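Student: Relevant sequence annotations retrieved from Swiss-Prot are reproduced here:
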type	residues	note
BINDING	Gly10, Ser11, Gly12, Lys13, Ser14, Thr15, Arg125, Val134, Tyr135, Gly197	ATP binding site
BINDING	Ser31, Arg36, Asp57, Leu58, Ile59, Gly83, Tyr84, Pro85, Arg86, Gln90, Arg158, Arg169	AMP binding site
BINDING	Cys128, Cys131, Cys148, Cys151	Zn(2+) binding site
REGION	30-59	region 'NMP'
REGION	124-161	region 'LID'
Amino acid sequence: MNILIFGPPGSGKSTHSRTIMEKYGLVYISSGDLIRREIERKSSLGREMEAYLSRGDLIPDTIVNTLIISKLRRQRENFILDGYPRTPEQVISLENYLFDHGIKLDLALEIFIDEDTSVERISGRRICPNCGAVYHVKYNPPKVPGICDVCGSELIQRADDREEVVRKRYRIYSKNMEPIIKFYRAKGIYVRVDGDGPISEVWKRIQPLLDYIHSREEKRKEHE
């Protein structure tokens, strides 16, 4: 089972991706994780990508395509791609790779939330720069405002979590996703799920769809 999962900032797609990975035994490939690892390495490429993100801009397609395709070459089947492709050029790169290697996508899933929900979820996030603990000023606040419960360090707001940056990211996402959604809808594999509400409620909307696809794939393998 090969899945693409999309969603605007704060949609919860990465959380659901990990649940899907664990439940269905898929390999999780996240464009965000690959980018963050490169930034943490403080390589010249990482610094270049960090500059784009701090402005709320998308990282150039050539960079993202290289990161993702390199990862896919090590995992031909049974994957979930989180946050990729997100531009028409990335779609072309991915589709060419899949065609060349005889790989079929089963689902392009979008978890949708509106712009104000995206801003509330993301701009309230606070990170501990020392131990990596994550908080939210509304949904998961620290015991002492601005201070990490775990190590006592002062919490920070990441540059790309600021409200003005989140709104810019949301609008870029919405604009770029229009042709991508149209493409995968035409292929008959696009499904949009309402991402509003608690994670557990959203999962109840997603799971029946994945169970159906998983069951279909298992039956297909039995008859091969």
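A Cβ is built for glycine as well, from the same backbone N, Cα and C atoms used for every other residue.
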Student: Are there any residues at least 6 positions away along the chain from Arg86 (AMP binding site) with a Cβ closer than 8 Å to its Cβ? List them or say none.
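Tutor: Looking at Cβ-Cβ distances below 8 Å from Arg86 (AMP binding site), excluding near sequence neighbours, one finds Phe6, Ser31, Leu58, Tyr173, Asn176, Met177, Ile180.
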Student: Which of the binding-site residues listed here (Gly10, Arg125, Cys151) have a Cα atom within 10 Å of the Cα of Arg158 (AMP binding site)?
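Tutor: Those close enough are Arg125.
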Student: Cys131, Cys148, Cys151: which of these binding-site residues has the highest Cβ count within 10 Å of its own Cβ?
Tutor: Cys148
Student: To the nearest whole angstrom, state the Cα distance for the pair Cys131 (Zn(2+) binding site) and Ile59 (AMP binding site).
Tutor: 27
Student: Here's one to test understanding: among the binding-site residues Gly10, Ser14, Arg125, Cys151, whose C-alpha is closest in space to the C-alpha of Asp57 (AMP binding site)?
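Tutor: In terms of Cα distance, Asp57 (AMP binding site) lies closest to Gly10.
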Student: Looking only at Gly10, Ser11, Gly12, Lys13, Ser14, Thr15, Arg125, Val134, Tyr135, Gly197, the residues listed as binding ATP, what is the longest Cα to Cα distance in Å?
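Tutor: Among the residues the record ties to ATP, max Cα distance equals 20 Å.
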Student: For the C-alpha pair, I'd like the distance in angstrom between Cys128 (Zn(2+) binding site) and Tyr135 (ATP binding site), rounded off.
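Tutor: If we compare the Cα positions of Cys128 (Zn(2+) binding site) and Tyr135 (ATP binding site), the gap is 8 Å.
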Student: Any idea of the Cα spread of the AMP site, Ser31, Arg36, Asp57, Leu58, Ile59, Gly83, Tyr84, Pro85, Arg86, Gln90, Arg158, Arg169, as a max distance in Å?
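Tutor: Between the outermost Cα atoms of Ser31, Arg36, Asp57, Leu58, Ile59, Gly83, Tyr84, Pro85, Arg86, Gln90, Arg158, Arg169, the distance is 26 Å.
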Student: Have a look at the binding-site residues (Tyr84, Tyr135) and report the one with the fewest Cβ neighbours inside 10 Å.
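Tutor: Among the binding-site residues Tyr84, Tyr135, the sparsest Cβ neighbourhood within 10 Å belongs to Tyr135.
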